[in-house]
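Lifted from TrEMBL, the feature list:
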- Thr199: active site (ACT_SITE)
- Arg200: active site (ACT_SITE)
- Asn201: active site (ACT_SITE)
- Gln198, Arg200, Ala296: sulfate binding site (BINDING)
- Gln198, Thr199, Arg200, Asn201, Gly292, Arg293, Asp294, His295, Met334: ATP binding site (BINDING)
- 4-165: domain 'ATP-sulfurylase PUA-like' (DOMAIN)
- 175-388: domain 'Sulphate adenylyltransferase catalytic' (DOMAIN)
- 396-551: domain 'APS kinase' (DOMAIN)
- 1-170: region 'N-terminal' (REGION)
- 396-574: region 'Required for oligomerization' (REGION)
- His204: site 'Transition state stabilizer' (SITE)
- His207: site 'Transition state stabilizer' (SITE)
- Phe331: site 'Induces change in substrate recognition on ATP binding' (SITE)
Amino acid sequence: MASTPHGGILKDLVSRDEPISGQLKDEAAKLKDIVLTERQLCDLELIINGGFSPLEGFMNEADYTSVVDTLRLSDGTLFAMPITLDVSSADIERLSIVPGARITLRDPRDDEALAIITVDDVYTYDRVKESILVFGADDPAHPSVAYLRNRVKPFYVGGKVQAIQAPSHFDYVALRYTPTELRAHFKKLAWRRVVAFQTRNPMHRAHRELTVRAARQHQANVLIHPVVGLTKPGDVDHYTRVRVYEAIMAKYPNGMGHLALLPLAMRMAGPREAVWHAIIRKNFGATHFIVGRDHAGPGKNSQGKDFYGPYDAQELVEKYKDEIEIEMVPFQQMTYLPSTDEYQPVDEIPAGAQTLDISGTELRRRLKSGAHIPDWFSYEAVVTRLRESYPPRNKQGFVLCLTGFYNSGKNIIAKALQVALNEQGGRSVSLLLGETIRDDDVKLGFTPDERHENLQRISFVAGELARAGAAVIASPIAPEERSRALVKDTILQNGGAGGNFFLIHVATPLEHCESTDRKGIYAQARRGEIRGFVGVDTEYEAPKKADLVVDVTTQSIPSIVHSIVLLLETTSLI
């Protein structure tokens, strides 16, 4: 039978609050509101459908502190990941966020009211401490540490929520199950044992073999439960992945496997994430959970070493197995034996036997270059789906972000580069100058937050264009490292096959920029008529890892354009 929900009771708040959902909706229309971020939306959906049981809302300070310090809620219940609702000081003032306040939580996609939170408390937190204890290091090479630094606001709001409705989805609706629905499905099919498989990547023959092997060893069925919320920047988009999962499900023995989608925002927190994933799958009714080698690891840190040990995740899940009450199935690394045309666990392969494998990096290279992917590695139907979404490099979009002082020459370079790329042909070329993307109705000024907001707009538009195969040239001033990191992260996250990002630092000296300023903008700033002007009363943080550094005082515009074109040629994009 299905496992008992974590904490003993499945907190299906949508079902619980359905009798009063109409009243809540009427009340929500009269309340002040917070429009959720994409990550907050994922978190709220799993709070109100019971996936995060026993949570009934975003963590208050007592629960947050306890989880960060001890992996436990304040009542002692095991829970590995802080689930928080972040706000700014301006939000607190604008919304009058105080204990006891009721605030509507809205879907960022359609502005629908999803829930009402009753505020327990508003509290500050230590970003460095959260990074070290939850993710293992305060290292911006970790995507969640970068997210914490660049996107998370400085205050958290804790409080329980009442559900008005679940978020609407228009993609793969038949594959989206709540914990209640999936448990009912298992019961209907009389599935007593269910091995859940977590993935954020496409599946190939090795994954099919290891999940089938796990099911047979435990006399169980298989739940393929991929994440379709936020994953690691640069991952294959979920539309492509789901098409791959649908193709590979046909390769399972009849009746063995089931595919369901999980709207989770991953944190890539390694060992803690593995415990969290196990709790979530327990809430969805699984009895067994496959924990992989370096489970939910984000890759290399700033020193080029893995963030987590290869078996740290398995060891932490094993430590808490009695409380999680879901049996861990260690990931068995599968390797192909050409002599017998089969996959076997690496620890069962005879000494000296020939084996074959293709790494994730090599697979991505073959997809980008159009190189052959052998049948022994993946199924033809899977490769076909991947190639549909990942055309050859010379058909992929890309983003060139030129950053530098005002009047550094970046706009002239951008316009000249647009001409050069249009001359070559093969794709559309879009130019996003800093001033052309601004919304006059918003009346953005020159504060750091306003610049950051403007760059969010630029990065969203650029990512959408690049995903469609366009060459995008953006030339914002972008004086802060955090904002440039946000742009890159957004392009990698949303650009699909077009998530190719290049940062060009137009390092023209400030003195030259100011002395050649025919419009007199610097003079206005010196007189105090413009506040927060970069180079006058706001610092410009020079990029530490630009893909190319140029300077119009030492290079001509044609030579700079040529150097950028050569950069693109070396990556086979043109």
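Cβ atoms are placed via backbone N, Cα and C, with glycine included.
Sequence features annotated in TrEMBL and their locations in the structure.
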residue : record                                                        : Cβ neighbours (10 Å)
Gln198  : sulfate binding site                                          : 25
Arg200  : active site                                                   : 20
Asn201  : active site                                                   : 16
His204  : site 'Transition state stabilizer'                            : 21
His207  : site 'Transition state stabilizer'                            : 22
Gly292  : ATP binding site                                              : 22
Asp294  : ATP binding site                                              : 20
Ala296  : sulfate binding site                                          : 24
Phe331  : site 'Induces change in substrate recognition on ATP binding' : 22
Met334  : ATP binding site                                              : 20
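For the recorded positions Thr199, Arg200, Asn201, His204, Phe331, a Cα-Cα cutoff of 10 angstroms around Ala296 (sulfate binding site) retains Thr199, Arg200. Same-chain residues with CB within 8 A of the center of the Gln198, Arg200, Ala296 CB atoms, the sulfate site residues themselves not counted, are Thr199, Val227, Thr231, Met266, Glu273, His277, Gly292, His295.
Cα of Gln198 (sulfate binding site) to Cα of Met334 (ATP binding site): a distance of 16 Å. Taking all protein chains in view, 18 other C-beta atoms sit within 10 angstroms of the C-beta of Thr199 (active site). Within 10 Å of Gly292 (ATP binding site), counting CA to CA, the recorded sites His204, His207, Phe331 contribute Phe331. Summarising the ATP site geometry, the residues cited as binding it (Gln198, Thr199, Arg200, Asn201, Gly292, Arg293, Asp294, His295, Met334) extend over a maximum Cα to Cα distance of 18 Å. Restricting the recorded positions Thr199, Arg200, Asn201, His204 to those with a CA within 10 Å of the CA of Met334 (ATP binding site) leaves an empty set.
Cα spacing between His204 (site 'Transition state stabilizer') and Asp294 (ATP binding site): 18 Å, rounded to the nearest whole number.
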